[in-house]
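Novice: What follows is a single structure, and I will ask about it in a moment.
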Amino acid sequence: MGCSAKARWAAGALGVAGLLCAVLGAVMIVMVPSLIKQQVLKNVRIDPSSLSFNMWKEIPIPFYLSVYFFDVMNPSEILKGEKPQVRERGPYVYREFRHKSNITFNNNDTVSFLEYRTFQFQPSKSHGSESDYIVMPNILVLGAAVMMENKPMTLKLIMTLAFTTLGERAFMNRTVGEIMWGYKDPLVNLINKYFPGMFPFKDKFGLFAELNNSDSGLFTVFTGVQNISRIHLVDKWNGLSKVDFWHSDQCNMINGTSGQMWPPFMTPESSLEFYSPEACRSMKLMYKESGVFEGIPTYRFVAPKTLFANGSIYPPNEGFCPCLESGIQNVSTCRFSAPLFLSHPHFLNADPVLAEAVTGLHPNQEAHSLFLDIHPVTGIPMNCSVKLQLSLYMKSVAGIGQTGKIEPVVLPLLWFAESGAMEGETLHTFYTQLVLMPKVMHYAQYVLLALGCVLLLVPVICQIRSQVGAGQRAARADSHSLACWGKGASDRTLWPTAAWSPPPAAVLRLCRSGSGHCWGLRSTLASFACRVATTLPVLEGLGPSLGGGTGS
């Protein structure tokens, strides 16, 4: 059966709604990606009106500095030339707070700022307290000894006398707090008196004393307002477009960002570059794999094995030399000339002889490799852990008695992990606005398009059913007409061939008495035959009168 008038009206309304849904879905497919991109570009740039500005200014991600010390177990034996033996202690965990100040927007699409850091010890997250004692090399003594190796013997003997007078030894037993944030040492005052400007320390010497309650230098970075492709990239550091610590222009270049955010819309072909003031160099991390952090898609970037390779293994690093074994970087040129080396913890990815020279080292790829998980659409870190180790090169130096018979060795002092992960309300807001809503819009556009297509089929189906129903009724009428006709004409002939001959009596009876059957038939042939059959007798009766009227 066909659709009623009411059904056809409803089908038409659904068709209109379907057309609107299909058009809206198609428009969304074309426009939504562009709109999302525009919103991301608008809100990741460094501008007070952008949504990410406060996140950039006051980083809401809780950062933690976890420090592991290498406690020297056999200092006396080392002085006799035996192999060092160490035991890892820690972690000693500090909550790191960061905030930017002196924010100045410049006319060349850049912004300058100082970022200050403060650290607070976290006993609940630590394995030990800041009052724990650690035996470790005396950097001031052993570092100075290596620095004096090629000096005149007289000067070295004077240095030995000074060490003895001040009570300085090759190894010291200090608390975690003293090693981290500084301890008073008469040798520091002596060095500052006779070698002013050599040390960045005034009264105390500590490995992290420079970092607490201080800034990491004046950064000038691009805002991305005028050119989004340069957003967060460092223009200058402390007014310099390149440093002068190293021996090649490539190694002295300041590349990448300040290490907090990166340009948006990353791909697996992207690399992660940043300038590290602590390492005095730029570093490049490479894409490893895609992942998910708390429902948010991420790209994981890791350090290539060539990061700390020496020049013989990786020629571009030749500018960081003089080098020892591959896998450690000499940072003496930016660390008051002390023979300090930077590497991955436990000499991971370094020449195996380095770890074999010290008992107690166990490099592990999972535990000691650094990584950054970045949201590729915005360039914002979701989860990161930067792990580095600081070591001291020490050896016996003729003329300086405190060095004894120490065999040349790169002895680890400590390694640290600077980690942070987005959490809490910040994570929820980020997920809702940058993951959930785009995902809903992505699926909604296809749902609308599919729904529109389905609704558009309703009036089409209704029209098809109406046409099929009409055809079926016509077919039934034709069949019924032939049946009626056959009852009044046993010879199955519809009409004599002679023009205007009288119709058979059976036809007249059928057509006059069968109004319920024949008059209502829709068959063109049957209807025409019935009408002619009933009309001809009338015309025949009127013929003589019409003819007489004419004759008169």
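Just so you know, glycine gets a Cβ as well, placed from its N, Cα and C.
Swiss-Prot lists these features:
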TOPO_DOM  1-11  topological domain 'Cytoplasmic'
TRANSMEM  12-32  transmembrane segment
DISULFID  Cys251-Cys384  disulfide bond
TRANSMEM  444-464  transmembrane segment
LIPID     Cys462  S-palmitoyl cysteine
TOPO_DOM  465-552  topological domain 'Cytoplasmic'
Novice: Please identify which of Cys251, Cys384 has the densest Cβ environment, defined as other Cβ atoms within 10 Å, among these disulfide-bonded residues.
Specialist: Cys384
Novice: Please work out the mean pLDDT for the residues of the topological domain 'Cytoplasmic' (1-11).
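Specialist: Result for the topological domain 'Cytoplasmic' (1-11): average pLDDT 66.
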Novice: According to DSSP, folded down to helix, strand and coil, what is Cys462 (S-palmitoyl cysteine)?
Specialist: helix
Novice: If you draw a 10 Å sphere on the Cβ of Cys462 (S-palmitoyl cysteine), how many other Cβ atoms land inside?
Specialist: 20
Novice: Roughly how many angstrom lie between the C-alpha atoms of the residue listed as 'S-palmitoyl cysteine' and Cys384 (disulfide bond)?
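Specialist: On Cα coordinates alone, these residues lie 60 Å apart.
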Novice: Would you mind pulling the DSSP three-state label for Cys384 (disulfide bond)?
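Specialist: Looking at the DSSP assignment, Cys384 (disulfide bond) belongs to a strand.
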